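Annotated in Swiss-Prot:
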REGION    1-40  region 'Disordered'
MOD_RES   Ser9  phosphoserine
MOD_RES   Ser13  phosphoserine
MOD_RES   Ser28  phosphoserine
DOMAIN    61-321  domain 'Protein kinase'
BINDING   Leu67, Gly68, Arg69, Gly70, Lys71, Phe72, Ala73, Val74, Val75, Lys90  ATP binding site
ACT_SITE  Asp186  active site, proton acceptor
REGION    342-363  region 'Disordered'
Amino acid sequence: MIPLEKPGSGGSSPGATSGSGRAGRGLSGPCRPPPPPQARGLLTEIRAVVRTEPFQDGYSLCPGRELGRGKFAVVRKCIKKDSGKEFAAKFMRKRRKGQDCRMEIIHEIAVLELAQDNPWVINLHEVYETASEMILVLEYAAGGEIFDQCVADREEAFKEKDVQRLMRQILEGVHFLHTRDVVHLDLKPQNILLTSESPLGDIKIVDFGLSRILKNSEELREIMGTPEYVAPEILSYDPISMATDMWSIGVLTYVMLTGISPFLGNDKQETFLNISQMNLSYSEEEFDVLSESAVDFIRTLLVKKPEDRATAEECLKHPWLTQSSIQEPSFRMEKALEEANALQEGHSVPEINSDTDKSETKESIVTEELIVVTSYTLGQCRQSEKEKMEQKAISKRFKFEEPLLQEIPGEFIY
């Protein structure tokens, strides 16, 4: 995802990968150039053999729509010629905005190699390099992004049991990364893929372009991420930690269960204000059909102080993820069931207003396994006019944006 614009002194800047030395004064031989500065939080070594032969010698690109596109990268489906196996080829420009970004691509490759034994992280097959690009040949996830289910009609969207299973997998993957000092920093529905759509497959975590290595002795501050999912400490330019990912998982869980983006405002400034002031609601209609345990799970993560958030390991032990079935419908759901039974018995129930605005904006599916990607956002639910009744009719408007380089307003940096 596009990094939010960084203050001049913060974060890591792309480093040069080569340089030209100058002869030392009074020395008899050429002077070796100093090593390039290492960006903080980035891995610099990979095990993969970087192939330089033409990519088309080994793979055929599939015709049709791209799997995803961003400012500096594009993902296309391809077929390995000698096996017929499907892969996703991620073409990444090495030079962006006049800067050499090869080091950041190397870091992404290194993180994928570090996580190669984890079933919930996308698998890296091999790497190619040309004069202008690096090409990552990745496992193909045929089910696409979980974002598509998040914005689907509620009848077709995730059920709570689905989210329980997928969230266990997400947390197992994130716990694996955290125990290896990797913080993802861009966890969102567009960066969680499915191995199949029907039947619902398993998850694959993708896009490590913003990820960083965090050692206990180091402190890292950077302004980056997708506006709706960034943690409060990102906005206040406080140190990043593993808890920064856990905030994003809280937002992700909220979105998967309800189809609503909890902090989304009318513009980015309002979104940032909602996050910094913790303006969120658990009273939406969608919560009526969720277990109390699910709501409690979200509450353990959407906590302003990073040190008070549940860790990935603690989340995996939460009752919502350890119980075998959904056993805690809310009081309002119980009331709705009582009304349904009363209706079957011939008793009157409050009339439900069915006048809903069903306009939705359809956009092409974008598989955002990219360093820099188009960010789609989930619009807040807009309720229709309601009378005095137990249930309200809801319509959804999903808002889609193509942000440029994000900049957090100055009043949020303090």
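Heads up, the Cβ atoms here are built off N, Cα and C, so glycines get one too.
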Rounded to a whole number, how many Å is the Cα of Ala73 (ATP binding site) away from the Cα of Asp186 (active site, proton acceptor)?
16
Surrounding CB atoms that lie within 10 Å of the CB of Leu67 (ATP binding site), all protein chains:
26
Do you see any of the binding-site residues Arg69, Lys71, Val75 whose C-alpha is within 10 Å of Asp186 (active site, proton acceptor), and which ones?
none
Can you give the largest Cα to Cα distance in Å, as a whole number, for the residues Leu67, Gly68, Arg69, Gly70, Lys71, Phe72, Ala73, Val74, Val75, Lys90 that bind ATP in the record?
14
Protein Cβ atoms within 10 Å of Lys71 (ATP binding site), excluding its own:
16
Please identify, from the recorded positions Arg69, Val75, Asp186, the residue with the sparsest Cβ neighbourhood, meaning fewest other Cβ atoms within 10 angstroms.
Arg69
For Ala73 (ATP binding site), what is the tally of other C-beta atoms lying within 10 angstroms of its C-beta?
24
